[in-house]
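Report on the following structure.
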Amino acid sequence: MNLASQSGEAGAGQLLFANFNQDNTEVKGASRAAGLGRRAVVWSLAVGSKSGYKFFSLSSVDKLEQIYECTDTEDVCIVERLFSSSLVAIVSLKAPRKLKVCHFKKGTEICNYSYSNTILAVKLNRQRLIVCLEESLYIHNIRDMKVLHTIRETPPNPAGLCALSINNDNCYLAYPGSATIGEVQVFDTINLRAANMIPAHDSPLAALAFDASGTKLATASEKGTVIRVFSIPEGQKLFEFRRGVKRCVSICSLAFSMDGMFLSASSNTETVHIFKLETVKEKPPEEPTTWTGYFGKVLMASTSYLPSQVTEMFNQGRAFATVRLPFCGHKNICSLATIQKIPRLLVGAADGYLYMYNLDPQEGGECALMKQHRLDGSLETTNEILDSASHDCPLVTQTYGAAAGKGTYVPSSPTRLAYTDDLGAVGGACLEDEASALRLDEDSEHPPMILRTD
């Protein structure tokens, strides 16, 4: 997620972008001295900044380890890592129409592509690489980076909103099907055909997220009060949660837990909501024996005579757990992870911090802040809540994509790049001898990083 402000300035820690890896991946050969044994589950965070990009690993609450830093490319506005491999896709503000695919462990550039307009988002899984422009989407084969398909003339999408499932069998892409209402277009990236159009919301979409299995899709609109979950590819509404009633907010991110049991939603407010995806078993009706019981039965029966909007509110789920962030107005991205066998909520924010909260999977309630780590390169780590005064700033609700669409701060080349072929993406020179038969999804060729303990 891009963390730049509306004016294009980086956050307090000079951050431009932050994103968690697609899943919690086992790192082979981790040191016993580090308390990780031979195999350990490590959560990874990619950060782009004015000075380059970095990768952090998080195997415990107390330690955020920087495993890689690159300062060769400045103003990195997009940095997407393929799970915990060494493959990374990079876009810079200085060349916003150019995508570079690199092997960061070797320090080599594998290939690059130039597009006709600003790149607003890049998504990766082990089958496909997706490049999102304002009015088109490019589907690349991750094995050789060839363009397989182009979705043209999509509704204007200045925020670059899209989501890609990480599941190989359910490899779906979701993106807005309308610029005026909350329709979701679901596209099968393996068979290269449209799968479904889901009428998710009345207002335009603001956030999308697949679960790990690729069978559920969470959606939120610009209004930000209701979160919905649909089955994929059928498009049946499975869950509906109400984030709030009093005010409309800008949803920053949605994230499922790896088991698909929880869904988190962060916004431009100080509250992160966590919903539990469980179907309540219907109990057989019982005759009420008290006055309050009779009153409740009459109340539920009366809902059938109320307007549909009011009836829906009675049936919407509420947050299972909440998190109170020490700031309001910063762009942020959340993730639900299991670290040291305990469910945690992780929040990376434009103020330059990573916040870690404990989640009680049985009781829920308000989550406790366990740790916060600096992401700007310093070694500062603290348990204390930052002074709220240091977080006071105008609300930041516009993404890099939205700003780019309005031409507010993204540099553009003097001449517009024209399409040179029917696919619309210009491939640069491959810089590896074996690029003609790249196997970018193979860990043997692009192995995970090994945690260093020296």
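Note: Cβ is positioned from N, Cα and C throughout, glycine not excepted.
Note that the coordinates shown come from a computational prediction; the quantities given were computed from them, not determined experimentally.
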Swiss-Prot tags one of 29-32, 141-144, 241-244 as motif 'L/FRRG motif' - which one? 241-244
Do you know which of S203, S413 is annotated phosphoserine by Swiss-Prot? S413
Within the repeat 'WD 3' (110-142), what mean pLDDT does the predicted structure show? 97
Short question: which residues 6 or more past the ends of the repeat 'WD 5' (193-232) have a Cβ under 8 Å from it? 23, 161-167, 169-172, 174-187, 238-245, 248-256, 258-260, 263, 265, 267, 273, 275, 277, 316
